[in-house]
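These notes are about the structure you will find just below.
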């Protein structure tokens, strides 16, 4: 009976195009990552683990991309969560023009990452860029930097841009979480004479855990796929200082070495399948219990 | 005590103003410089233009071929988002209503797509087989595919809250599956469908990797790729780049201001239940 009312063909189109355009390429990629596939010759040879040896060898720069992707992901998770939480608490109460601030703080999240990159390219310019101008105006000339071309600063600058863009997004999710916490907990804590810190530590944080989990998962999945920001701001430079997996993938694409490129994606695919499995399981469980 | 509270409020208000200012400064910078002459905008600062140069926008629309890209972006985002809603909503409906083991597996299998990275290399082959490489239809299909997992995730959760009695009433009235879905269920799903539409519209409007890989002719480019290319050509003219950026982000800002409620409920659904 249910089969007739909820027929399989309702699922089939979504499932079909998902399989054709996402799953099939991934499986093909696993096979082709063991070959010398490139854009110049029609023949493809099996070369075993060579591509992976290249990626994980210390003489090449690929490990740099993997390391940077991990550093980027972890630092943006930590920074966006902390700032997002602070903002959520701030705009929850005690503030005038709450809605106005919420709209403004979320605004960076909806602007294309590519455009954000272009805007910050001007802001980080060492000669006329806004940041160095402000530092000079404050008499802090020694603090001015070549934000995007100095090896020590380039990657930090990219992280800062991403935090600028993403903190408001995290704020909105955490704010919804905070507002779902019943007031009675805080009232009870008031009666017991708990201070602001204790209330935060023993009521807000534990009850906000599900929302914090979700923001962490979203940041994680987003961070591992980072590309646009880096591509526009530094394109991996100076040297290889800001290379991430996807900028390396794109350079392999333009070079025509599809074998190495697809091996890089396969590494990412395996990592994300494992992390994604637990992450998605967690998210869908929250959904069912909610 | 009261004084303490007042100070605390003041500090909070100042803090939030500073942070909001940091959030909006880069955007204001673009707005101000879009109206300057090229020499005035060369240092991208907050000094006001001597005279507002509205013709920057005209120049940009002509040189950047923005009309064409705008039409492309609207059709890519619009059609792919509608396609996405249609196939996601039917799939989510059948999956959520008939939770047999196999369907639970399928649901999980599809929403795993939220995490999976696309393989841009092998996808070229798939695009060639399906004759979608370098076509507008191809990019529309790819955009839908990238949005389907998350859309099904949101709609599945929403359908869980729609009473089954509606289905039963429909069946008693003699509806087949299609009638049941389109005339009984879909109207009830409207709030979630609008959310999914807006989110996927914004995501696809802002995306630029897929066209970078799969569209090689400029006349098929969406706004993002056109802006990127424009930036490459006119790096020295920040006034034009700024004007170009404004025209690109204006539609998303309008959609955002109109659909704020939906965007936020869509993002928070699944994470928090109020």
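Heads up, the Cβ atoms here are built off N, Cα and C, so glycines get one too.
Cross-referencing B:40-63, B:136-159 with TrEMBL places the feature transmembrane segment at B:136-159. The stretch from B:14-35, B:74-96, B:105-124, B:180-202, B:238-259 that makes the most Cβ contacts under 8 Å with the transmembrane segment (B:136-159) is B:74-96. Of the candidate ranges B:14-35, B:74-96, B:105-124, B:238-259, B:74-96 has the most C-beta pairs within less than 8 angstroms of the transmembrane segment (B:180-202). Listed by sequence, the residues of this chain that lie at least six past the ends of the transmembrane segment (B:14-35) yet keep a Cβ under 8 A from its Cβ atoms are 41, 44-46, 48-49, 52-54, 56-57, 238-239, 242-243, 245-246.
For the transmembrane segment (B:105-124), the list of distant contacts is 91, 95-96, 133, 142, 146, 148-150, 152-153, 156, 209, 213-214: same-chain residues at least six beyond its ends, Cβ to Cβ under 8 Å.
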